[in-house]
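According to TrEMBL, the features are:
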BINDING   55, 148, 283, 318, 413  substrate binding site
BINDING   115, 116, 254, 319, 320  pyridoxal 5'-phosphate binding site
MOD_RES   283  N6-(pyridoxal phosphate)lysine
Ligand SMILES: *Cc1c(COP(=O)(O)O)cnc(C)c1O
């Protein structure tokens, strides 16, 4: 089998996510045969550095032998078992590890199968908590503009991606959107912190006016990833935590993309020293080995559901594969390795390397901003730098970088015209040099 043959068999039956399928008449689909560390290898034997960690999941490398062995060991014991009325060791251990690792008093863990289902769970739990507390008016959710929380209907409703929202609008509950602290739009001379604080005024106003009907505020701490790696200062989280407490509103932190060290701390919330009421985790939770998500919450939330069966206060949510043992086992192995091998500390150096390798591109006439939070670095490529005028989205300039990278042995998948690197933590200095060179040589193709 070669790439061409595999592609043809694929296209006969498979429908891919986030893809206009007709694109594959022109742009080849790449069938991957195996992975090794940061490398993916296709059926023609060509290798690619996975510079986006396979959609931000794979932090410790493809085929990581220790995670692989943990899963193999688990496979010899129990592959899956119903999680209602039954339990198993990997879930128990993962619950313990997550309770210890996450900030503050997040002591209870509810599993889902992917990021979107974690969001659905958190939204339902928040609403149901208030209902159990007799506050039946609290049915609404506040979210940030330009946010992304997944693509099932509840998650889509609290997100703000224009294309999705417009298309599916008639199906969605109405969320209350507030201006984002996204520091790309700060004034010249204004610091991230100043701009972020200024942007909080809109949130404060929303909460002051409508807290009686608001169950929770949901946001992506520090980086709005899916909408172009837009970043803000941690002070927003501090102010928001304080305001949520003051107004009796839950705070849902969607750390699905940024959890487990991506922003430089174990969780982005750590940088503001806050504890959300709900913390949603997925993606890097299993280092990209198996689908799994978790919603962490407090004993106080848990206790609001804890009553006799007939009280009908119990939480109503289930997925067939809830708490899958293989997935939980891969998550336990991921957390063990993250801590044992001091990845957060090692990443400090990698973050510096990334910045040094790309820093001078700030001065490029088509780069409006180079920004970085931890192990995420992004270039905002624009038509006009002074006015921050973007290229027309129909020109699909990001695709030029994608193809250029592909030819030169890397998976770099810009979001619109935002070029970013979000590599596995195991990336080497040499691989960083290769990736940043590809960006350098690809940039002229994007802007010409
Ligand atoms: C990816 C993502 C989701 C959705 O997770 P899926 O597993 O793709 O459903 C939700 N929130 C954020 C911030 C994400 O990056």
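Glycine residues also receive a Cβ, built from the backbone N, Cα and C atoms like all the rest.
TrEMBL labels come from automatic prediction, so no person has curated them.
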What's the longest C-alpha separation between any two of 115, 116, 254, 319, 320, the listed pyridoxal 5'-phosphate-binding residues, in angstrom?
23
Going by C-alpha positions, which of the binding-site residues (115, 116, 254, 319) is nearest residue 55 (substrate binding site)?
115
Spatial separation of residue 413 (substrate binding site) from residue 115 (pyridoxal 5'-phosphate binding site) - C-alpha basis, Å:
20
Under a threshold of 6 Å between Cβ and any atom of ligand 1, which of the binding-site residues 55, 115, 116 are retained?
115, 116
Taking the Cβ of residue 55 (substrate binding site) as the centre, count every other Cβ atom within 10 Å, in any protein chain shown.
15
Residue 254 (pyridoxal 5'-phosphate binding site) to residue 148 (substrate binding site) - Cα separation in whole Å:
9
Out of 116, 319, 320, point to the one nearest residue 413 (substrate binding site) in space (Cα versus Cα); all of them are binding-site residues in the record.
116
Quick one: pull the CA-CA distance for residue 319 (pyridoxal 5'-phosphate binding site) versus residue 283 (substrate binding site), whole Å only.
18
Which residue, of the binding-site residues 283, 319, has its CB surrounded by the fewest other CB atoms within 10 A?
319
About how far apart, in whole Å, are the alpha carbons (Cα) of residue 320 (pyridoxal 5'-phosphate binding site) and residue 283 (substrate binding site)?
19
Given the binding-site residues 116, 318, which one is most crowded in terms of C-beta atoms within 10 angstroms?
116
Indicate whether residue 148 (substrate binding site) is helix, strand or coil by DSSP.
coil
Within the chain of residue 148 (substrate binding site), which residues six or more apart in sequence place their C-beta under 8 angstroms from its C-beta?
159, 160, 161, 220, 224, 225, 226, 227
So, in DSSP terms, is residue 254 (pyridoxal 5'-phosphate binding site) helix, strand, or coil?
strand
Quiz question: given the binding-site residues 115, 254, 320, which has the greatest number of C-beta atoms lying within 10 angstroms of its own C-beta?
254
